[in-house]
Amino acid sequence: MNNIWWQTKGQGNVHLVLLHGWGLNAEVWRCIDEELSSHFTLHLVDLPGFGRSRGFGAMSLADMAEAVLRQAPDKAIWLGWSLGGLVASQIALTHPERVQALVTVASSPCFSARDEWPGIKPDVLAGFQQQLSDDFQRTVERFLALQTMGTETARQDARALKKTVLALPMPEVDVLNGGLEILKTVDLRQPLQNVFMPFLRLYGYLDGLVPRKVVPMLDKLWPHSESYIFAKAAHAPFISHPAEFCRMLVALKQRV
């Protein structure tokens, strides 16, 4: 069995598992891991096929969630950013007894635009899939640039993301393609109506991948959840607003 790369830091009485987004790895959390590990027992994870979790091919969302769960603490707050938000949500749906609280960051239950649902146009995601086979390093860099556009610190935030990608070997093309397929096809809007643990959704006002229009729609669909929009953030609020981001998680800890 292939192993997921997993690092544990801190001795807090609440476990917090962080799941990164598409094309990246757990190094993306280095800007906040010291602060968070002073409040939580923090778990940094490379999703299957990404970063140091080698030897995995393309996986379905359900298989990815099960692979991550095998090495997880019995109970934790699960936080997922972007694609990682879908993985954390899937775990909350299938193993609610393992999830003290669910936090999604710049994530959508349905990334792909549908009828009367704002999101990434399916042909844009299909275009990324096509370009992966031509020049996958450049494609990943383009995707990262999209994530920070519009913020006051866009250039340095994009550099931080690129540094994260380059710190470790690139994922295999089929893994990247499989991740895009999840973003293109998965729709958890209805299933997540049945999640009743504390559920915090964090967004960036300037996010070009998860439009802020989805926030009031999901407030209505999931009245038991809470949402918060970082006014000057894009797709990576923990990089552009680390102190504010950590404060929200510490406040959540008091409630679980």
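The backbone N, Cα and C atoms fix where each Cβ goes, glycine too.
For the substrate site, Swiss-Prot gives Ser82, Leu83, Phe143, Leu144, Ala145, Leu146, Gln147, His235; the one candidate out of Trp6, Trp22, Trp29 that the record lists there too is Trp22. Summarising the environment of Trp22 (substrate binding site), the number of other Cβ atoms within 10 Å of its Cβ, over all protein chains shown, is 26. Residue annotation for substrate gives Trp22, Ser82, Leu83, Phe143, Leu144, Ala145, Leu146, Gln147, His235. The furthest Cα pair among them is separated by 16 Å. Just so you know, the Cβ of Leu146 (substrate binding site) picks up 18 other Cβ atoms within 10 Å once every protein chain is counted.
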